[in-house]
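As written in Swiss-Prot, here are the features:
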- 3-211: domain 'ABC transporter' (DOMAIN)
- Gly35, Pro36, Asn37, Gly38, Ala39, Gly40, Lys41, Thr42: ATP binding site (BINDING)
Amino acid sequence: MVLTVTDLACARGPAQVLSGVSFSVSAGEALILRGPNGAGKTTLLRTLAGLTPPLAGTISHAEDAIAYAAHADGLKAQLTVAENLTFWATIFGTLDIAPAIAAFALAPLADRPAGELSAGQKRRLSLARLLVTGRPIWALDEPTVSLDTENTARFAAAVEAHLRAGGAAIIATHIDLGLPNARSLDITPFIAKGLPASDPFADDPFLGAAL
């Protein structure tokens, strides 16, 4: 297993959102998180990524194994597409941004400042950064927001390539990504007692993307 979660309890601020969450993910496997809006999918991903401490339970994985992509794109607007990828590649100790450029068809945009991109183009750049992290576990929160059908397919192809290389992915999404071997986990049974799934405080978007 590349990641094992045991009896995890998660909180957003002072409110407990989830309890008793247990699952594991193996190399080459994708896990799709399901549940209604506000159920705690974002909170769970933030906790897995180490951005929010768990209230209880354990998360077991190799050190520095997780790359987290949140709702917000978190790009450096003044840098070009290529410069954004180079910046992150340098941080993560990788050298070649060409595979990331190719995977998300960013070559025509390579010299354009990120601040001038459309919403869909920004999302493609944000997701392309996953390929320069070198990290085996991708934790992705609604990754296809702002993507059209063609680029959703590109994203799915990038995930499949990552899985074939021995990586893993945990994805919160409401759409079918076309990943035939992906497992699903409905987190609704893990919603903390007394907290309605519709509570907006339970699961608001993270605005400081880890990537």
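From the backbone N, Cα and C atoms, a Cβ is placed for every residue, glycine too.
Asn37 (ATP binding site): 12 other CB atoms within 10 A of its CB, across all protein chains. In the predicted model, the domain 'ABC transporter' (3-211) has a mean pLDDT of 91. DSSP gives Asn37 (ATP binding site) a coil state; it is part of no helix or strand. Other Cβ atoms within 10 Å of the Cβ of Gly35 (ATP binding site) number 21 in total over all chains. A 10 Å cutoff on Cβ-Cβ distances gives Gly38 (ATP binding site) a total of 20 other Cβ atoms nearby, all chains included.
DSSP assigns Thr42 (ATP binding site) to a helix.
Of the binding-site residues Pro36, Gly40, Gly40 has the largest number of other Cβ atoms within 10 Å of its own Cβ.
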